[in-house]
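Q: In case it's useful when we look at the structure, here is the feature table from TrEMBL:
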type	residues	note
BINDING	D251, D295	S-adenosyl-L-methionine binding site
DOMAIN	125-361	domain 'SAM-dependent MTase RsmB/NOP-type'
Amino acid sequence: MLGINSKRAFLLENALVQYDKINTGNLGIDVFLKNYFRVNKSSPSTKCWISQHMYHVMRWKGLIGHLSAKPLTWSSMLTTYLMQGNRWRSMTTNKSLPEHVRCSFPIEAYQMISDEYGPEKAIDICNILNEEPVTFLRVNTLRISRDKAYKFLLHKGTFIAIVWHVALGIKVEKSVESHIGLVVGDKRDLLDSPEYKRKIVEIQDESSQLVGLCIQPKSGDSVLDFCAGSGGKSCIIGARMANKGRLYLYDVNEVALLKAKKRLYNAGIRNYMILDRNTRNLNVYHKKMDWVILDVPCSGSGAYRRNPDRKWAFEPSQLYEFSALQRRIIDESIHYLKPPNGTLVYSTSSIFKQENEIQVR
């Protein structure tokens, strides 16, 4: 049985009920919880407990709901989840249950994954997307190398190096795939650390880092981040350019571009220019870019580990809407590539081939 008390269980149920009432499909759990705890004052340990279990319940609510008493309510689901300990987890391998129930996925989303990858691989994919996400950091290499950042953080005592038989402090190690990345076991203390506030490190998924690292600009190159958003990948590209050449950011979301501008400035990047829908004569940049990066809007299905609530809002029609938008963005962005060797880098946060391979054939 999980270590719980009645107050925590009540707050967890209340949080889930309130989330259902106000969620329109666009409100992330992280934003909801931030607002929820402003009203429902709780100790740090209680906040952590509620946050952890709300994410966990949201990941597995398909299976938990299937096993719970009807009529189905959050109360009946939490009885299964909390009072039966981890017994419900054994049902993830029960082959008498439908596959989408075992891996706790909406039937439409599961069926599309199964159609694309086959049933066996689909279950593996869904189970991976149900795992708790790892927190990755990106080192700002304009200011410090990854090795120096790692050693500096250890020396400062903000982090304690991984020792597998000792669970003390915040564990940190170097990421395997990204040579500018670190992995931390717990981000709660990181946000108040001087290293984070000084922008020596930023939270950024390794997958996003790898996309940014695909851009390999030479001295004097021009790079266009065409769906720049708040500038996460531009920060990687800007650091690789070492303030040489020209980095352009474009997005239809002007609020996000304001955040990107601040983010780049804080990171020490100065060789950028912001472009938006109000920029005159955007066509003057046609055929001028050595690199164009497209991190296009998508279903977000590849990020269900971090946003498990989004999978329950999945609609097959979304894929057709996003794929049409992605096609328009690709067609528009190609005009900016410098012939004959300009390179376009395309990425999504989706697992669906309709948003990936099919788009770039």
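Backbone N, Cα and C define each Cβ position, glycine as well.
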Q: Validating a neighbour-count step here. Other CB atoms within 10 A of the CB of D295 (S-adenosyl-L-methionine binding site): how many?
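A: Taking all protein chains shown, D295 (S-adenosyl-L-methionine binding site) has 20 Cβ neighbours within 10 Å.
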Q: Which ones in the same chain are close to D251 (S-adenosyl-L-methionine binding site), with CB under 8 Å and 6+ residues apart in sequence?
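A: Long-range Cβ contacts: F226, C227, A228, G229, L257, A260, D276.
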Q: Calculate the per-residue pLDDT averaged over the domain 'SAM-dependent MTase RsmB/NOP-type' (125-361) and state the result as an integer.
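A: For the domain 'SAM-dependent MTase RsmB/NOP-type' (125-361), the model's average pLDDT rounds to 90.
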